[in-house]
Amino acid sequence: MGSSQSVEIPGGGTEGYHVLRVQENSPGHRAGLEPFFDFIVSINGSRLNKDNDTLKDLLKANVEKPVKMLIYSSKTLELRETSVTPSNLWGGQGLLGVSIRFCSFDGANENVWHVLEVESNSPAALAGLRPHSDYIIGADTVMNESEDLFSLIETHEAKPLKLYVYNTDTDNCREVIITPNSAWGGEGSLGCGIGYGYLHRIPTRPFEEGKKISLPGQMAGTPITPLKDGFTEVQLSSVNPPSLSPPGTTGIEQSLTGLSISSTPPAVSSVLSTGVPTVPLLPPQVNQSLTSVPPMNPATTLPGLMPLPAGLPNLPNLNLNLPAPHIMPGVGLPELVNPGLPPLPSMPPRNLPGIAPLPLPSEFLPSFPLVPESSSAASSGELLSSLPPTSNAPSDPATTTAKADAASSLTVDVTPPTAKAPTTVEDRVGDSTPVSEKPVSAAVDANASESP
């Protein structure tokens with residue numbers, strides 16, 4: 001509860017008459033005065049900011065006459081105006097039937113003492129104090145400090161003490177007569193725990209919201225209006241409604257006729273026809289039927305889907321390393337093919353005189369460099385021209401034949417045979433070395449005859 005006021009009091013000040021107790025059926029009760037929270041600040045426009053007989057005189061002057069009373073509520077922190085009629089005929093004591101005390105309402109809610117645990121057979125239990133819901137708000141004397149209550153209890157040892165107690169459960173104040181006794185058999189003179197401070201103040205508006213709540217049990221003859229969201233119509237029991245035909249159920253059943261999930265789905269249609277429009281629940285037998293559904297082709301029953309083949313045959317293990325014509329192999333490089341050169345035939349190994357035959361494996365053939373297309377016009381004669389001059393060569397025909405034979409074999413291994421190769425070799429050899437014309441020609445002819 002806040003201790004500061006939110007409105008300005010007419011005439012200024014923070015003083016008034018604190019309403020402590022309101023008797024039943026009294027003029028103050030009919031005016032709506034609320035104990036502990038209400039402060040009478042003025043009557044008929046007269047500000048009550050002093051502790052004198054002004055309030056009594058105004059009430060006596062207006063007996064059986066309605067007067068206007070301005071009330072400040074520390075619960076709502078607002079001012080309100082009410083009408084009260086002082087009377088001696090209502091059947092109780094006083095003209096208003098209320099107990100009041102002049103004090104300041106600024107900080108009045110801070111001086112409260114919260115009743116905590118209450119021991120059995122203690123003076124507090126015998127006086128009717130209720131644990132955790134009772135708040136001691138005052139006594140016959142003014143208490144402004146926390147020690148004022150304990151001092152008052154010590155001075156009333158074994159003597160009756162009147163306390164004003166507010167209860168949050170009943171939202172009302174009452175007078176409690178308690179007799180402090182330190183020899184009651186327990187701790188303390190009251191036998192109860194008392195809290196003081198910020199954490200033990202009276203909660204703000206404890207029952208204002210709760211009073212507006214009306215339970216359905218209090219209105220036995222009033223039928224409960226169903227909600228418009230449809231949730232009140234959902235029945236959680238297994239008993240079906242007597243006869244309900246919601247319009248949305250028929251459309252759902254018609255739209256589901258074209259959807260063939262299994263051969264006979266009777267369980268689904270029975271659930272949709274129960275009449276429950278919002279929460280259709282599937283019974284357990286649906287799951288049993290779904291477990292026995294044979295494999296089917298969804299393209300035959302569901303429209304708008306791409307048709308799938310009826311079944312896939314058992315495929316053997318495929319060799320994933322087979323290169324497709326449109327897929328470049330991921331590992332390795334493709335073979336370099338020169339479009340201007342025909343493929344080279346495999347040559348048999350040469351048996352040279354005096355040298356052991358050297359086998360030429362086929363796996364070493366791709367390691368030889370290929371002659372580019374620009375040098376394809378070069379003949380074997382150019383390769384022979386790089387040999388040493390024939391003037392320095394020995395005159396032995398067999399040696400000349402062997403060299404020519406070796407040169408001819410080198411030329412055949414590197415460059416493909418062409419039609420112009422023999423003529424070019426004969427012309428170049430004839431121009432440079434006329435002495436070895438016949439042996440070279442014979443060697444070339446021999447090679448040509450030996451080639452496959």
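Counting begins at 1 with the first residue displayed.
Cβ atoms are placed via backbone N, Cα and C, with glycine included.
Quantities reported herein were computed from a predicted structural model and do not represent experimental measurements.
The domain 'PDZ GRASP-type 1' annotation in Swiss-Prot covers 15-105. According to Swiss-Prot, the domain 'PDZ GRASP-type 2' annotation covers 111-199. Residues annotated as dimethylated arginine in Swiss-Prot: Arg30, Arg47. Look at Swiss-Prot and you will find Ser214, Ser409, Ser436, Ser441, Ser449, Ser451 tagged as phosphoserine. As annotated by Swiss-Prot, phosphothreonine applies to Thr222, Thr225, Thr415, Thr433. Look at Swiss-Prot and you will find 15-215 tagged as region 'GRASP', backed by sequence analysis.
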Other CB atoms, at most 10 A from the CB of Arg30 (dimethylated arginine): 17
Reported mean pLDDT - the domain 'PDZ GRASP-type 1' (15-105): 92
The domain 'PDZ GRASP-type 1' (15-105) - residue tally per DSSP class, helix then strand then coil: 12 helix, 37 strand, 42 coil
C-alpha spacing of Arg30 (dimethylated arginine) relative to Arg47 (dimethylated arginine), in angstrom: 22
Number of Cβ atoms other than its own within 10 Å, given for Arg47 (dimethylated arginine): 17
Per-state residue totals over the domain 'PDZ GRASP-type 2' (111-199) - DSSP helix, strand, coil: 17 helix, 30 strand, 42 coil
